[in-house]
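Engineer: Pasting the feature list from TrEMBL:
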DOMAIN    45-180  domain 'Molybdopterin cofactor biosynthesis C (MoaC)'
BINDING   Leu105, Cys106, His107, Met143, Glu144  substrate binding site
ACT_SITE  Asp158  active site
Amino acid sequence: MLIIKKIVEEYRNLRLKVEAGKTLVWEMLFLNELTHLDERGQARMVEVGAKEITRREAIARGEVAMRPGTLDMILEGKTPKGEVFGVARIAGIMAAKKTPEIIPLCHPLALTGIDVQFRPDRELSRVEIEARVRTTGQTGVEMEALTAVSASALAIYDMCKAVDREMVIGAIRLIHKSGGKSGSFDREGEEKWL
C-alpha cells in the first residue's frame, strides 16, 4: 500500500507542476492517464463489464543466468532437489492462475490455456523462460504471463540455490499480446517460441 501511495503522490506532484501550461510533455504524460486511478488519484480496479468479450493471448519471457556448471547439472538431471524444468513449469502454471492474489488490481480470469517452456543457452550460461497464457474474456492476460515467467524463474533459483547462489533472474518482459480494444503488440526483435 505504501508503494501505491508514493506513486499517487508523485503523480499528483507532477500533475501540479504541468497544470498551468499543457505542453507536449503534459500530453505525453497524461493523454493516456493511468486507468487504475480514480478522479481523486486513488487506486481502483478498472470496470471491464462493458468491454467486448474477445480471445486474448499474452506471451512473456525472462531468464535465469547461472554458472556453466549449474546449467550442466540441470541438463544432466543432477541437481540436489530433482528435475528442475518440471517443477519450474508447474510453478509458472500455478502462479498464472493465482495472479489476482499476487497483483492487487488484477481481475480474476478464467484462463483457457497456459504453456511454459525453457530454452537452455550454453553459450550465455542461462535458461530462457517463455510463458503463453490465453483466455476469452473482457481483459488481457499480460500480467498472468509475466507472473508465470517470474514464478518459473524463482523456482529454478530455488531448485539450484544449493549449488549456485549467484544466479541472476532478469529480462522479464512482455513480447506479445493480442485481443481487446488496444489490439496487438509484438516486441521488436523477438520471435515467439510457442
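For all residues, glycine too, the Cβ spot is worked out from N, Cα and C.
No curator has checked TrEMBL annotations; they are predicted automatically.
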Engineer: Glu144 (substrate binding site) to the residue listed as 'active site': how many Å between their Cα atoms?
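Structural biologist: The Cα atom of Glu144 (substrate binding site) is 21 Å away from the Cα atom of the residue listed as 'active site'.
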Engineer: Fewest other Cβ atoms within 10 Å: which of the recorded positions Glu144, Asp158 wins that one? Let me know.
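Structural biologist: Ranked by other Cβ atoms within 10 Å, the recorded positions Glu144, Asp158 bottom out at Asp158.
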Engineer: Sort the residues of the domain 'Molybdopterin cofactor biosynthesis C (MoaC)' (45-180) into helix, strand and coil with DSSP and give the three counts.
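Structural biologist: Its residues fall into 46 helix, 46 strand, 44 coil.
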Engineer: Find, for the listed binding-site residues Leu105, Cys106, Met143, the residue with the lowest Cβ contact count at a 10 Å cut-off, counting only other Cβ atoms.
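Structural biologist: Relative to the other binding-site residues in Leu105, Cys106, Met143, Leu105 has the fewest Cβ atoms within 10 Å.
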Engineer: Show, in sequence order, which residues other than Leu105, Cys106, His107, Met143, Glu144 on the same chain lie with their Cβ within 8 Å of the centre of the Cβ atoms of the substrate site.
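Structural biologist: Close Cβ neighbours, site residues excluded: Thr99, Pro100, Ile103, Leu109, Thr139.
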